[in-house]
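Comments concern the structure below.
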Amino acid sequence: MEKVLALVLLLAFGSHFVSPQISEADDQMLNLLERCCDLGKYWQGRGLCDNYPKPIGGVPIANETVCMGSIRLCCVQKQQQIVQCSAGRQVAQRTNECAEIGNGESNEKKDCCNCCKLGLLAHNIGARCDTTSFDTMCDVSFRECCQTGKGTGSGVGSVTDTTRRNNGAENTNPVIKGHCELYPNRLCAHICISTQGSFRCECREGFELAADRRNCRPARASSNIANNNNNNNNNNNGNLQPTNNCQINNPCEHRCVDTGQAVRCECYNGYELARDEISCTDVNECVNGNSCPGGSICSNTIGSYQCTRERSCGTGYTLNGQTNMCEDIDECAKPETNNCGTVFECVNIPGSFRCKYKTCPVGYRLNGQTGNCDPVYCRTGMKADPVTGQCVDINECEAQGTCSVGQICENTFGSYRCRDKCTSGYEADANGICRDIDECARGTANCPPGQQCLNLPGSFQCQCGEGYEFNPTTRTCDDVDECTRYGTVCSLNSKCQNTPGSYECTCNTGFKRARNGRNCIDINECEESPGICPHSCINTWGSFQCTCREGFRLGTDGRTCVDIDECEEWADKGRLCIGLCQNTEGSYTCSCPAGYRMTPGGRICADIDECAEGSANCNGPNQLCINTRGSFKCNVIQCPQGFMRQGGQSSANSVRCQRVSFICAQGDVACQEAPLSYSYNFLSFPTKIRIPAELFTMRGPSSPYRRVAFELILDSARNPASGIQSVFRSHFKLDNTRPYEVVVSLDRPITEAQDIELTLNMKLYNQPDNTFLGVAVAKITIYATADQLT
């Protein structure tokens, strides 16, 4: 099934896949294809793989094409498995040997053959036939062979007939039929028995199946005759002469006729006698003449023929076998041929159907489970919605006269309420218009003595003295808070403070009253308070600010100045000194450690090359001076015995020792394998250099007749102070830039000082016989020094 699903996915989405990642939509599609594949396996039992009825229940219309592809593939695959399984049973029943099935044939054929063999064995020993649980196909083969103990006759494939039927009219009838019902009187000569996905033929009493497992021939009585002869011999009787020659020797494939002197073979209808006058061959009625009507195609079958329409009836139609005409299928007649459900009404149309949503009369509601219209009972203030059938609120305010004049109707859920249209201080006139009430004219204001009544829209006011206002609740004169009510009543940089009947203005901090007594002006703290800041003072509006000289920063109190430690401040920002940094009051100084000297800029320390300046004192005849960071190394280079130092091939950091003689005595293996040359190479660099870093290059002869092989060995590594090894062979990498050239690179960082010794061997071989010619040895000494300028 996985192959089928993969094929359907490829056909459906092959042009849309961009990424191999599987999303949630992909999982949904796989579930859909698995479901459709199960439908196809079930549908194959009807013998039709190309006309599964639409619409497919539970499958969106947009996915029907993909689903139909999965149904067809799984249906055909299931039929092929049944045919192969049936063929495997025939092999077991015919030869009882499954080894003749080749490796190129299907697994179903071989498995069903072996299962049939087990069934035949169970039949012979009288075992039960219903005790297996291999798999569906294997269980069927076991039971059939166990129950019958002979050939089942189901070897004739059912896919061919199904294909011929599918090329004709489509049939959407959901009733499941077997092969015998689909092809009456065409598959077997006597008796046809439908099986799961196929059929088998049996014969009437006195007959047995022919070699094609479909036709019948008279049963041979040789075994009975032999038994009769044995019985007659025991009774001392004479020879028993048979009266029918066909019973003695029947060579015919179909029917045998005894003429008295010989036998004559005859064939069943739809067959003709072959040239050997024994076997029968099928008559092709489509070539020799048939009675198919016009507009039909004749399809020859074994022993007969079939007429099918030239064109398919199409989805929603079925072929009338008697009239050979296409008739509309009423999908609404049976619930299994439509997916309208309970809340939709099925309406048949030519070639299809439509699902129309059911509606109910007013006062009824559609029941989603039963599909019936149930009455709806609503409480007071509610009514049934004519569309949904739900109880909805009645808007009583839509009716005239619900509330009296001067009132407003407000609808509520299940009821309503009336409220006065006019707010406090107003009343409605005869026309329902809200008019202001003049409390002063009506005498309802009741202002205290000494206060004057003033009518206002919707209210009134008893006027009080300046700085006060009338409180209608307490009917007293309350002080007016001018600061809150009028906003900015004071000048800028001042605060308003309310007083009884008035207010006063006070200046903010940092300001003082001007000579006019009304405005507030800034106080210059720098002039009025000398020394308020230790370095310099800047006056600001309403305050002041202290600033510090270069090399200092303002403290947390905003007034004192604190020295800046520039060495620590810039330690992680590029460093002020490439050497030693020392903080000073308001500044810093740079100095150098031993082995370094300050450059003219006064900030960068440069390494002193003692070897170049002659201060290293490495003057021995075999000594080589190697400069290191902040120091130097005196190395004694002594060529091995048999080697001579080459001055022209040496450099400041390298010495080469060449072999004196290349002539070796016969059989002197040590001489022959001795190195051709030694080179002593010295490198010095600080730890924590950027990696990868190329350190050393070695190059051999570039000749097609020479092969070069390189080998890097770590001889030793240690910290010159502690003796601890922190560098290993894995720190270095060999890169073959060319077939005859290699580069030694540092592949991992060195974190502490190390003296490292490496050996790089270059072995030479002759081509093409791969004869060893010699080896050149390069000794590499590395001084990785600790960075003293941090």
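Glycine is no exception: its Cβ is also placed from the backbone N, Cα and C atoms.
All annotation found in TrEMBL is predicted automatically rather than curated by experts.
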Of the candidates CYS256, CYS265, the one sharing a disulfide with CYS246 in TrEMBL: CYS256
Secondary structure at CYS246 (disulfide bond), reduced by DSSP to three states: helix
Helix, strand and coil totals (DSSP H, G, I; E, B; other) for the domain 'EGF-like' (522-562): 4 helix, 16 strand, 21 coil
